[in-house]
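Below you'll find the structure, written out as structure tokens, and then a few comments.
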Amino acid sequence: MPGSLPLNAEACWPKDVGIVALEIYFPSQYVDQAELEKYDGVDAGKYTIGLGQAKMGFCTDREDINSLCMTVVQNLMERNNLSYDCIGRLEVGTETIIDKSKSVKTNLMQLFEESGNTDIEGIDTTNACYGGTAAVFNAVNWIESSSWDGRYALVVAGDIAVYATGNARPTGGVGAVALLIGPNAPLIFERGLRGTHMQHAYDFYKPDMLSEYPIVDGKLSIQCYLSALDRCYSVYCKKIHAQWQKEGNDKDFTLNDFGFMIFHSPYCKLVQKSLARMLLNDFLNDQNRDKNSIYSGLEAFGDVKLEDTYFDRDVEKAFMKASSELFSQKTKASLLVSNQNGNMYTSSVYGSLASVLAQYSPQQLAGKRIGVFSYGSGLAATLYSLKVTQDATPGSALDKITASLCDLKSRLDSRTGVAPDVFAENMKLREDTHHLVNYIPQGSIDSLFEGTWYLVRVDEKHRRTYARRPTPNDDTLDEGVGLVHSNIATEHIPSPAKKVPRLPATAAEPEAAVISNGEH
């Protein structure tokens, strides 16, 4: 067909393109979901058991999408001793829109001012919770294209998930993840193995430009999420089976071939149901299911149709039970951030990846295939996979990325819990002020984590000014350094002390390529 390569053609790409480094940011305070149940007057366990949520992170009016992304980017650059001139592409995935024209990416360029690096491609990508994954694919495609200049790509996924008072509010959260993409990575994107499904649906959307709150069709949203998973998994299985056949292996792909399986997580219970859903797909596709012990007791469901089972409690219960061991082995650990911080929209699935990397050693991760299901309402979804490098030696890229996340649980534990009424007051404050001009935020600066960027003011022309809460390493800085405003050329951010040049030319050498709340 037009545009396709001949079967005998060889394409060349940089070697092992993938995730080189990962940084995650979440706010310094949370509300306990058990306490929120009491405050909301609902049955005990509705949020903690029914949704599977323990705590929900939130931010005051001191933080917005720009400050979240500035924080996670600068943290990644500093923790990895990177120079700002080693970034050649920067793209943001978000659905938290505070300006209909100016991108979050352009705000992030303030961090690059001192380096003088303005030659950075990419802008923002938006489709509910899928924008981060679309940005990741764009980054990979850039590195594997003739446009690549040998530098890293940086992807930022971040959101503030807030809901009006009611059943959906406990499925909120806040967070941002930054992913450094490049060759010779410890987490490698498997080429040709993406199963994508896109369709038109009004399951979750935000048409009101004056409100942060979405319009949600809860039942439709659950159906859309699960049906997209069915479609994506089916396409992925066909593609990897075709690859295996070329290698002389005719076995069918199943859940057992994933070392880990992570999901976009609006709430933890949906993720558990989703893994069970994948087992249902395996069951229906297995011509020898009677000989497989994992399907023992499921014989009665041999003739069900996938499209008839989205709300079938008997099917759901049976396959959740049958997949319980698989869930414990492959998915449960990925829910650390989701359970403790809530839904982070575009960054949710990458928070799940961070959770896995934080809880397993390089030796336990080496060689594993990580399945990744990304979903965004409206809708767009992809199931793809990462292959972990085999090199788990001390000082290896895999050792470095896991070491950088080893403090994830302690960081979550270091947050401050606040009473539900204080949380509600903050939500009301956001609702009343997020669109105001000539506004100075009321939230405490001292309560923020050190190194957090925050909103100083919004002027009469809606222009936003930010500052960074000092870190111990900032003691020698002059007072006022760290205050940035896009219209003041003299204000800047100090770059990391250690300068790292662009990727060496050798790295670019090619190698022959043979919910009831809305699940967005």
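Think of each number as a place in line: the chain as shown, counted from 1.
Cβ coordinates come from backbone N, Cα and C, glycine included.
Matching 289-317, 463-491, 492-520 against Swiss-Prot, the residues noted as region 'Disordered' span 492-520. Site annotation (Swiss-Prot, ligand (3S)-3-hydroxy-3-methylglutaryl-CoA) includes Asp43, Ala44, Asn167, Thr171, Ser221, His264, Lys273, Asn343, Ser377; from Cys12, Cys129, the additional listed residue is Cys129. Residue annotated by Swiss-Prot as N6-acetyllysine (from the set Lys38, Lys46, Lys368): Lys46. Between the recorded positions Ala44, Cys129, the minimum number of other C-beta atoms within 10 Å of a residue's C-beta occurs at Ala44. The least crowded of the binding-site residues Asn167, Ser221, judged by other CB atoms within 10 A of its own CB, is Asn167. For the pair formed by Lys273 (CoA binding site) and Glu95 (active site, proton donor/acceptor), distance between Cα atoms is given as 25 Å, rounded to the nearest Å.
In this record, CoA is bound by Ala44, Gly45, Lys46, Asn167, Ser221, Lys269, Lys273; the longest C-alpha to C-alpha distance in that set is 25 Å. The candidate set comprises the recorded positions Lys46, His264. Of these, His264 has the most other Cβ atoms within 10 Å. Following the DSSP three-state reduction, the secondary structure of Asn167 (CoA binding site) is coil. The shortest Cα-Cα distance from Glu95 (active site, proton donor/acceptor) to any of the recorded positions (Ala44, Gly45, Lys46, Cys129) is found for Cys129. In sequence order, Gly50, Leu51, Gly52 are the residues of the chain that are 6 or more apart from Lys269 (CoA binding site) and have a CB within less than 8 Å of its CB.
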